[in-house]
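What follows is a single structure, written as structure tokens, with notes after it.
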Amino acid sequence: MSQTHLSPIAARPSLSLAAGEKLVHSLPDSIPEDSATAIKGSEDAARAQKTGRFSWLELDITRTEWDILIGSTCLKLLLFPAYRSTDFEVHRNWLAITHSLPISKWYYDTTSEWTLDYPPFFAYFEKLLSIPAYFVDPRIVDLNNLNYNAWSVVAYQRTTVILTELVLGAAVLRFVRGAENPAMQRIISASLFLHPGFLIVDHIHFQYNGFMFGILMWSLLMARNDRKLLSGFLFAVLLNFKHIYLYLAPAYFIYLLRSYCLSPTYTLLPGRFLSLANAVILTFLASLGPFLLMGQLPQLLSRLFPFTRGLNHAYWAPNFWALVTALDRILLKVVSRGQLEGLSINESGVASTSRGLVGDTVFAVLPTVQPIHTLAITVAFQVIYTGKLWTNTSYKSFVTALTLCGFTSYMFGWHVHEKAILLVLVPLSLLAAEDNAYFRTFEIASIAGIYSLFPLLFTPAETLIKIVYSVVWALFVLRPIHRQVYQFPRTVTFVVIDFLERIYIMGFPLLQVFVTLFPLLARRRAAASAGVAEHTDREETRASPLEFLPLMLTSVYCAVGLVWAFIRLSVIYLTRKD
């Protein structure tokens, strides 16, 4: 493949490849951005056919891209009245904190239980948003006006999510420009901008993930275009917006150190090293500097890194620990019945349901997991992946190692939130069209990961929205990529694996039927067993032993797919030379 190619998605050769033959160099080594002119003439005709209606804007956006932007915006506007989680009030309170209080009190205020616990750049971001909020409705930024839910604050905050998400939209558009296969890259870019995860988490549940993942995508784009200093600077900025991206930091550190700061003979390049170090240090000084001067760094860090929570979140994020927790619950039932006499029961673990409440998570039968255990496992896996990245610093290798670092933290981290799956699904999307192995990994991870977000929207009004939107997204994204890269497995082993994976995917509709019908049937059975009307209320208020069964099955079933996708991607990365 020509070294002038820039795209993360290469044009595909004929699908009549021999069994086991790989499509190599689909994600090429990064090269300078100015060489993009070498492939300018090969761009898709749609890029050149800009509509006259918008020509006055002088934006390099095609009619289809405008249609996607306008259509998705209209849908998001219609979701303004939809369900809002407590995160909505969290961000409203942060608007009030940053607007009403001096910076010295931002990380000390406890007027609301929703205290400021994001890094300073996000606090500055909230401060900026609070200025127009005051003119829209002064009560939005009233620190004592807790749980304010007037239409003015709903419209304003949801509008800010839509507008700031344009950072992501601009980044994915730039991925199309200069792509070796613009048609396929356009599908991947559209899939990211229209991702069900962003619709569920940002536009209904409420957060600003689209904005922050937009910064990540700009950083990856700069890495693709060999502007590595700018890539590192943008990632440093991102870390100061939300510290969860620390999960990806090992991949960035090794990639920038090896490919930017060292020569091919491992000689340190002082000029580059100092440039990168200065960019990162100045970014952190701009963020943390005021708090350093005020002597508030320990207080700020205590807000960012609370270590008093349990192993699992309230809803078990579908990772490795969800499977371990489920196994512990099963073993507890078995041992309680007198079976497996060699195992003892930890009485303090019987009452613990690992719901992520403040305090330690204690297992009833299995050894209790401590934070140091999760850290050691996470670091061990990340060392393996970054070791491979050290020997191969191509852009494709970097994106894969980055994805695996996020995946490892999701699989084995302490108190992982289900929303953290976006750290995996977003960069993994850039690898989806590499070949059939990458695509099947992306397919399983996407279906399981998106479905794992469904419990965030538990109100009936949003149930149909999340299901229909996700299915439509899957049809328009997965089918065309599948047609492009699919290869029939030639060995018996891979035929069996392919069959089992298809069976697993087909299980999600059945799981949704169970999740929908079980609570209805359980309530009807409880009402019938109450016997008399005066006992019904008391019976319904008592927690049923099976009350959380649908949630647990969702977590465990999704965890099976995500653990398998993690294994799949690890094997692909560590066994291939490209």
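Using the three backbone atoms N, Cα and C, a Cβ is placed for every residue, glycine included.
Bear in mind that TrEMBL entries carry predicted annotations, made automatically and left uncurated.
Residues or ranges marked as transmembrane segment in TrEMBL: 206-223, 230-253, 273-293, 397-416, 464-482, 503-522, 548-567.
Taking residue pairs at least 6 apart in sequence, the transmembrane segment (548-567) and the transmembrane segment (230-253) share fewer than three C-beta contacts under 8 angstroms. By number of Cβ pairs under 8 Å, the transmembrane segment (548-567) is matched best by 397-416 from the list 206-223, 273-293, 397-416, 464-482. Away from its own ends, the transmembrane segment (273-293) comes close to residues 103, 107, 119-121, 228-229, 232-233, 236-237, 240, 256, 260-261, 300 of its chain (Cβ-Cβ under 8 Å, at least six residues beyond either end).
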